[in-house]
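Let me begin by presenting the structure, written as structure tokens, before commenting on it.
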């Protein structure tokens, strides 16, 4: 039978003593947790292990002896270590000794109370106690049923180490009667700054929770549900981003403790994302207010708007002539061209009316960067939407007119074939028409067909302009979603302490020699960077269109309006 001994690598330089740990009879395995040094009193060791077992609910006992050969030559403890097996009475009694500077260790078992002792093959597995403790690969199990079900799995090893956290709180500087060697024996890992932040976080979270409750109460009030406030809240991406960040602040300031590792990582990712977002926003704000950059931006904005309007006027004049040598319907061409030119004239008047206040507006908008870079980017997206509102109007007018003609032609085409659309059954049925209906249908079909190229050309031009604006807004929103959803804390943790994000374990053979125990090293397999992003990615508020290319081309052909950025309010939790 094979005996597996899991030995912590931090105890390889420990002084001679006894091994304490947990014996797993189902696997014929021993998990060594610490080494107790001499001198000690066996009664005190048993009392200490009883207290640990009562707190951790883990059957911790003395499993054997550990002998450091250099110290053994000085103190001659070999006989005493063998006699300890009769005091603590554990079968089998494990004896591990380090043979000087040799890389091979000797590991044997004693079975004094067994009538037919059998020689067992021993596998000595080294593990990093700190990494196993902090990996959270197999969290502690809460019920006995789950513990019995996983008794044959490697999770029992991680469960034993994770539950024995109380045992690792004693270091060598304590004045107790028992001296231990484990992964924190040189000093318990702690930070004064972290402890002070923990103490200060309680009143800060209470104050933040109170303020957030007031803000959320105002947001839920009936005032914001009336038009036009409800319309603006649903259409402006700035309002959506502020609501999204408000939810993040509520998650962070919640007094509810995280139930598992995923919830803890989600809170940490949100907190780091908020910190980096605000830091980038403050940097942007400091850059804007240096050297009067906002004044220069306001002075540049009006000439740019005038230049865009002039280019649109030149484009309309080109469409009102013979664009690309195409023969258009002159009457309809002139009507549409003058209609759009009048809108451009209104737009230029609107821009020049706001020109005295643009610098002041930009000055206050720049202050919003202190709320985060994402808020500033959303405001930029809304400003682009407002500045290109005339292009959106042109696109809507052209799309509606083109869509009306397409559906009119399709309906009249069914008239020629003796068909009609059944509204109740949502299908095409046969129908008989009289001569007058066919004559009027033929005239209307001819008129719409010959007017279609002129309308289609205007629709195509304004659709391309609209798509250009949509692409710019889409890139801005992609950057916003990248900052919102990227698990920055998890990525930093993966870079610095990869064992905290474990995906599994692997074993590496260290040494193998006849007559010696097989020595293995258990290592933690970290998650890949792609796995970290996929596992801990934060939800976003934006709902991207999931249309395929075929569906998008169909909408463009039929003249249906395309809303590239829909805010449905279905925020994921």
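Glycine residues also receive a Cβ, built from the backbone N, Cα and C atoms like all the rest.
What TrEMBL lists as transmembrane segment is 200-219 (among others).
What TrEMBL records for 270-289 (among others) is transmembrane segment. Long-range contacts of the transmembrane segment (270-289) within the same chain: residues 245, 248-249, 251-252, 297, 366-367, 369-376, 483-484, 486, 488-489, 492, 538, each at least 6 residues beyond the stretch ends and with a Cβ under 8 Å from a Cβ of the stretch.
Tertiary neighbourhood of the transmembrane segment (335-354): same-chain residues 302, 305-306, 309, 312-313, 316-317, 319-320, 361, 389-390, 393-394, 397, 454-455, 458, selected by CB-CB distance under 8 Å and a gap of 6+ residues from either end. Residues annotated as transmembrane segment in TrEMBL: 335-354 (among others).
Remote same-chain partners of the transmembrane segment (361-388), defined as residues 6 or more beyond its termini with a Cβ less than 8 Å from a stretch Cβ, comprise 236-238, 240-242, 245, 274, 277-278, 280-282, 284-285, 288-289, 294, 297-298, 301, 305, 354, 469, 472-473, 476-477, 479-480, 483-484. Positions annotated as transmembrane segment by TrEMBL: 361-388 (among others).
Per TrEMBL, the feature transmembrane segment maps to 394-416 (among others).
Per TrEMBL, transmembrane segment is recorded for 437-461 (among others).
Look at TrEMBL and you will find 467-492 (among others) tagged as transmembrane segment.
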